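Per TrEMBL, domain 'Myosin N-terminal SH3-like' is recorded for 21-73. What TrEMBL records for 82-776 is domain 'Myosin motor'. If you look up TrEMBL, you'll see Gly176, Glu177, Ser178, Gly179, Ala180, Gly181, Lys182, Thr183 marked as ATP binding site. According to TrEMBL, the region 'Disordered' annotation covers 612-647, 1119-1140, 1182-1211. Here TrEMBL flags 656-678 as region 'Actin-binding'. What TrEMBL lists as coiled coil is 928-1111, 1333-1422. Taken from TrEMBL, the feature compositional bias 'Polar residues' covers 1129-1140. Per TrEMBL, compositional bias 'Basic and acidic residues' is recorded for 1182-1208. As annotated by TrEMBL, domain 'Dilute' applies to 1517-1793.
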Amino acid sequence: MGNFCCILGMEPGQSVVFIQSSYARVWIPDPEEVWKSAELLKDYKPGDKVLQLRLEEGKDLEYCLDPKTKELPPLRNPDILVGENDLTALSYLHEPAVLHNLKVRFIDSKLIYTYCGIVLVAINPYEQLPIYGEDIINAYSGQNMGDMDPHIFAVAEEAYKQMARDERNQSIIVSGESGAGKTVSAKYAMRYFATVSGSASEANVEEKVLASNPIMESIGNAKTTRNDNSSRFGKYIEIGFDKRYRIIGANMRTYLLEKSRVVFQAEEERNYHIFYQLCASAALPEFKTLRLGNANYFHYTKQGGSPVIDGVDDAKEMANTRQACTLLGISDSYQMGIFRILAGILHLGNVEFASRDSDSCTVPPKHEPLTIFCDLMGVEYEEMAHWLCHRKLATATETYIKPISKLHAINARDALAKHIYANLFNWIVDHVNKALHATVKQHSFIGVLDIYGFETFEINSFEQFCINYANEKLQQQFNMHVFKLEQEEYMKEQIPWTLIDFYDNQPCINLIEAKMGVLDLLDEECKMPKGSDDSWAQKLYNTHLNKCALFEKPRMSNKAFIIKHFADKVEYQCEGFLEKNKDTVYEEQIKVLKSSKFKLLPELFQDEEKVLSPTSATPSGRVPLSRMPIKPAKARPGQASKEHKKTVGHQFRNSLHLLMETLNATTPHYVRCIKPNDFKFPFTFDEKRAVQQLRACGVLETIRISAAGFPSRWTYQEFFSRYRVLMKQRDVLGDRKQTCKNVLEKLIQDKDKYQFGKTKIFFRAGQVAYLEKIRADKLRAACIRIQKTIRGWLMRKKYIRMRKAAITIQRHVRGYQARCYAKFLRRTRAAITIQKFQRMYVVRKRYQCMRDATIALQALLRGYMVRNRYQMMLREHKSVVIQKHVRGWLARRRYRRTLRAIVYLQCCYRRMMAKRELKKLKIEARSVERYKKLHIGLENKIMQLQRKIDEQNKEYKSLLEKMNNLEITYSTETEKLRSDVERLRMSEEEAKNATNRVISLQEEIAKLRKELHQTQSEKKSIEEWADKYKHETEQLVSELKEQNSLLKTEKEDLNRRIHDQAREITESMEKKLVEETKQLELDLNDERLRYQNLLNEFSRLEERYDDLKDEMNLMVSIPKPGHKRTDSTHSSNESEYTFSSEITEAEDLPLRMEEPSEKKAALDMSLFLKLQKRVSELEQEKQSLQDELDRKEEQALRAKAKEEERPPIRGAELEYESLKRQELESENKKLKNELNELQKALTETRAPEVTAPGAPAYRVLLDQLTSVSEELEVRKEEVLILRSQLVSQKEAIQPKHTMTDATILLEDVQKMKDKGEIAQAYIGLKETNRLLESQLQSQKKSHENELESLRGEIQSLKEENNRQQQLLAQNLQLPPEARIEASLQHEITRLTNENLDLMEQLEKQDKTVRKLKKQLKVFAKKIGELEVGQMENISPGQIIDEPIRPVNIPRKEKDFQGMLEYKKEDEQKLVKNLILELKPRGVAVNLIPGLPAYILFMCVRHADYLNDDQKVRSLLTSTINGIKKVLKKRGDDFETVSFWLSNTCRFLHCLKQYSGEEGFMKHNTPRQNEHCLTNFDLAEYRQVLSDLAIQIYQQLVRVLENILQPMIVSGMLEHETIQGVSGVKPTGLRKRTSSIADEGTYTLDSIIRQLNSFHSVMCQHGMDPELIKQVVKQMFYIIGAVTLNNLLLRKDMCSWSKGMQIRYNVSQLEEWLRDKNLMNSGAKETLEPLIQAAQLLQVKKKTDEDAEAICSMCNALTTAQIVKVLNLYTPVNEFEERVLVSFIRTIQVCLSPHQKPFDSS
């Protein structure tokens, strides 16, 4: 077998090519390691019989070639191909290459899964691995099979996808030896289906499917010497799916339960788990009645001597089993019944027999085990004891009972126990299938076959025979499927197909199951009355020995036979075959059990009475493989059923045929489980055992079939990317396929070594290694050249550096010498200088001493002379002073005497005059009137101050009103001014009432005067009060002064603020206007230069159009018969609009004339046609306007004729208006006179208690004065309104009647005195109403005209649509080239038309902006004129001649409360428009962000203002429910979720800021605090909104994760952002996704574009910046985690070049963060594990220093992640080296003390 496999990987002559050169590496057979690697030392020459080799351990060896075949040893694959995911990717396909690749992956990389074509090879690690979690399932879900590392989940995903894609049922066939991990693999496959598909109902079917595993393991699995959890039966589980591919149910079939294990276990083995679980749970209260004990107490559980499994808690497993039974619907009563039967089996095993003689036995009396068994089973003790020791024999004439020996009694007991357990097993399987039965129709299914692998032991019996027979059938099906796939691949690629010879095991199957085969002879022997194993063996020898090459007889035995299976020869012992095939049990014992009072027990034997066909299944779909016929004493004629004729072998053969039919009807997927060693050591690889299993499971057969054809396959793009280095620039063509063909023809001369398919290149074995060698040589030569160049560059750089260093040293030495010489010169010069100064100092000191002595002598002499002269002058001066003082004293004494006499006379006279004046003052002091006169001036000052304050307030209000009036539209202003007119009329009535109140106040003043005269008489009492009043008055004056100063400061502040605000508003508006103007000029400059000529013509036509329109408006404005009376607001607005529009139109023409006309561009034909069409449209519009103008002129003539018929009505109306004006003026004068009289009366009044500022009368008079002043202002405004109205009315009259109408008007006003004239005025008003109705009709007609124009536009659009359809039909008829050209031309024309339309719209908007600017200027000018009050003194003649200035009445400023009033019934409409039907894009683009949140909060404030708790609760509840409804309906739309997250947070912040959240309210302004909620505390709703915001945020993260998930792996890992860095390696049968960007492939740019989209949407919605940072951080975390997880799951991605790609991609993401100013969001830190993983792929990984550097660098990765990356590291080129196992262990040792907490998943 070994020699046969040596040549599997070579074509004839191919190995010679490589072995001719020395240092080629080969594989040689070895008795211990199976295969050893060696290196050729000497070149091989044809004819050599010995090869000179050197083993890897350094030992030299001479390898002798086989003299007959002269076959060379198989070649080793290049190191770059070792450790591949798919064995078919190896260049040399043979047994040693397969074995070595599996060993490297298993031992070095700790990878247990490997692909071998369509087969997944799974090696049992005997250790729990963290590769089966939910995150791993999610990583494999939806992925292609070749894109991820091999895994059982990848096979399951492939089966699931093919079921959905091909609409074909699937099967997963899991096979292998006991202990290889079949059950675990099948369990994980079912877990995968349950996780990714979910259930179609609420019953959680997937949980039930998984729950069947612990039940079946407890009753069907046991510990063996090879496996602690060995499945002792085969099972095929069909998992059913509906049309949406969700699990709806399952069905289980079982095969060949090992019943003998119930009564016998070998050494170190156990019975089925359920028995030990029962014994471990014996202490439970519900199990007391079972009377169980320790497992060592029962005979059926203690034979193996190993009742405990390390690491397994049987009591805990029992709880899991019971929980699974409950989940599958097995009630507690049924569960206790099952446990009761199992306990009875245990007690039955302890029943002992006593021999009476050699042919009979008996049960001891009152035997306790039998008593317990009978109690549990509900049968009679005597009957069971009797039939355990006796049997019934029936003859033709009579029936008698015969005792049996002790040995036969023990066998009968064991047969009964096995029969009960087998029936219980079938019953449980039936109930499991019922629980898993689908309630809806099954659309498709995936079957999971967990069946025993090929077995061979020292003693092989009937069970091994059946197992190996099943494996022969499965191997045949596998070979046919592999051959079929290989053939389909060649045919699909259209390459020549030659038949491949493969091993066909049909002869072996025929030997077993054909007529007169082993099974037939066994069944025949079972029917013989005295059949035995020996006679059956002789029949086998006679029938097949020397006739069938696959059948042999052992030399030393006559009771055994040998069959050559596909895997190996197996020797079977014939002993026990017949008994196991018949599987008999005594009928009398079964009858006793059927008569049991225990209901469950008879149910187990009901199926035995049914007659089933050999191929039929039970109602649950399970095949009854272990059904046993009961052996009666003698078969009665006509009573023997067909069921009793079926043997175990016959049943097994039928069930196997049914299984093969099922598998052939499905698409199979193969999982081959390998047991690495027999000692269950973790990650230990025994080459001998592995090779045995590889040969047995068909892996090598797959390799042989692949190697016989073209095993290596490359797509053209992959081949080009990998071997681009072997091509020259001239060889690279646009056609990749032709390029690859040309290159291959140059590289490989033998064309038989490769074939070109439609999409792939097929290579013979070894050709990829040859190409890799050529590529490596080319790269090596390039590397040498690069090294040469770099080393030369380094040496040149070194020389330049040395030369620069020498020059630098010379420079420094010379500099040092120069500095030393300069220092010497400086020191010499310094010494001379010191000497000079020292000598100078000595001479100067000597001179100074002599000079000081001379000066001292001169000073003493001169001082003596001066002192003498001073004494003489002092004596003379003192004499003069004495004379002066004496003479002065004498003169002063004489003067004092005269002065004293004069003063005495003056005092006497003044005393007399003072006494007289004092009398007068005392008389005046007693009068209060004097104080009153003093205070009159003070009161006047106070009133002046108050008046100034009022004037300042009015100025302030007028300024604010000016600002507001500029912002209000014409329509709202009209309505408000009308309301003001009504208010003025009401105020007129109030003024009349005020006049009456003034009269009453005057009367009251007269009374107060009388009281004042009375109080003057009481002078004595008033004097005391006057002092007190004086003091209070002074205090009040001081207070008023202080208030005056405060008011002055406030006035200055207000003036300054108003001035600043006006300046800021003006500056901002001017700035915006300048910016907008510049932008518009920049945008339109180019287009205007190009199309200037046509635009001039267009502007001329437009001017003509405007002129016609103005003429038409003028005709419309001609008044109808009767006077048209409008309110003041309307007239002022109309005149204002007319004036501003005229100015605008007048100024618009120069602007257009100033446009540049140079640089006239060449005209585009399509543009010319467009403009020509526009000109024709304008001409048509002109004609229509001309017609309308004629029509209006006719109407005007008719109206004029009617007007002449009714002149009195107009005159009456004008007379009424004039009368109204005169009345108001007279009323105004009257009020002025009354005001003056009132002030005069107040000044004349002298009562201090009345006129005191604090007196009540004084306050009443001041209030009255204020109200009268306000009324005066109102009257002034009304006069202005009426004047403006009269002006507008006079202007409307024809010019020729102006003067006459004015005189008539004045005369009518003067004559209208009686009620008759008033009635005529009323009639005029009625006529005015009729005139308004006629105007309404005309407006209606204009609306109808507009409707007609719109219909015309619709018709034109329909015509355009038809034209487009015709163009499309014409384009479809054209050839492809002409069609493309026509479509392009059509698209250019369409874009040009759209451009022109946009230009027109832009010009119209520009025109509107200019008009509005001019209107603003006019408004500001008119407001200034109104303040000055120029309109007040204009005469009627001036009004007629001068241009009319429209009057704007300022309104008072309103204090907006920030509320939105709504009705309770409008709440649903509010929610509908604001939430349910709101489009986020429209709000974000056209309105302010957060508009719904602000409006909702305004509604909440209004409800709070009304103190309506029901309204608040209803509104907030409706809002929250509406948001949830929108998110439920459009929860997959990122824009919608982002919009409502932003608005929910904004609404929540408003509630926190204005409803009591201290953290928010402390930043409020006083104005904002005024808007806080006053009646409700919404803390609960704030919490609800906070929870809702969190839910929306989580939903937003889910949405963006679903969008980003498909992009991440492709963009971050698979796509080559830097082209050419990554080399494509051979991929085998499971192709990876290409890294070359196709049309539908996601790239890094796709991810960045998506990130830009997310960020722009969130910014448009006004999301909080911190929230945006959090979302970006979450996005980057998802990108980093998904990328890192996939990196850890894909071995092909762990290379140096891929690390470079990842770091480049991460840098691009960081650049994106910088562009968006999000570097401080923490998003970059989330990518740190990915960055460190990429660095780990690129750093050096050899020495201990490298290990320490890695440990310090990778602080964000866990130890498991670091080790995983190092294990997965795969060189893409030969220059990269693999990571040694010793280095990985060093890393583990370094990292063991400090584990990292971060985990990317």
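Cβ atoms are placed via backbone N, Cα and C, with glycine included.
All TrEMBL annotations are machine predictions without curation.
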Residues outside the region 'Actin-binding' (656-678) whose C-beta sits under 8 Å from one of its C-beta atoms, at least 6 past its ends, are 102, 106, 116, 118-126, 152, 155, 158-159, 162, 166, 168-177, 179-182, 185, 189, 226, 236, 253, 255, 447, 449, 453, 469-470, 473, 477-478, 481, 615, 617, 623, 684-686, 689-690, 693-694, 697-699
Counting each residue once, how many in the region 'Actin-binding' (656-678) are helix, strand and coil under DSSP?
9 helix, 8 strand, 6 coil
Could you count the residues of the domain 'Myosin N-terminal SH3-like' (21-73) that DSSP puts in helix, in strand and in coil?
0 helix, 24 strand, 29 coil
I want the residues beyond Gly176, Glu177, Ser178, Gly179, Ala180, Gly181, Lys182, Thr183 whose C-beta is within 8 angstroms of the mean position of the ATP site's C-beta atoms, in chain order.
Asn124, Asn227, Ser230, Ser231, Gly453, Cys673, Lys675
Least Cβ-crowded entry, counting other Cβ within 10 Å, from the binding-site residues listed as Gly176, Gly179, Gly181:
Gly179
Would you count the other C-beta atoms found within 10 angstroms of the C-beta of Thr183 (ATP binding site) for me?
23
Ordered by sequence, the long-range same-chain Cβ contacts of Ser178 (ATP binding site) under 8 Å (at least 6 apart) are Thr224, Arg226, Asn227, Ser230, Ser231, Tyr452, Gly453, Glu455
So if I draw a 10 Å sphere around the Cβ of Lys182 (ATP binding site), how many other Cβ atoms end up inside it?
27
Average pLDDT across the region 'Actin-binding' (656-678), rounded to a whole number:
89
Are there any residues at least 6 positions away along the chain from Ala180 (ATP binding site) with a Cβ closer than 8 Å to its Cβ? List them or say none.
Ala122, Asn124, Asn227, Gly453, Cys673, Ile674, Lys675, Gln693
Run through the Cβ atoms and count how many others sit within 10 Å of the one on Glu177 (ATP binding site).
25
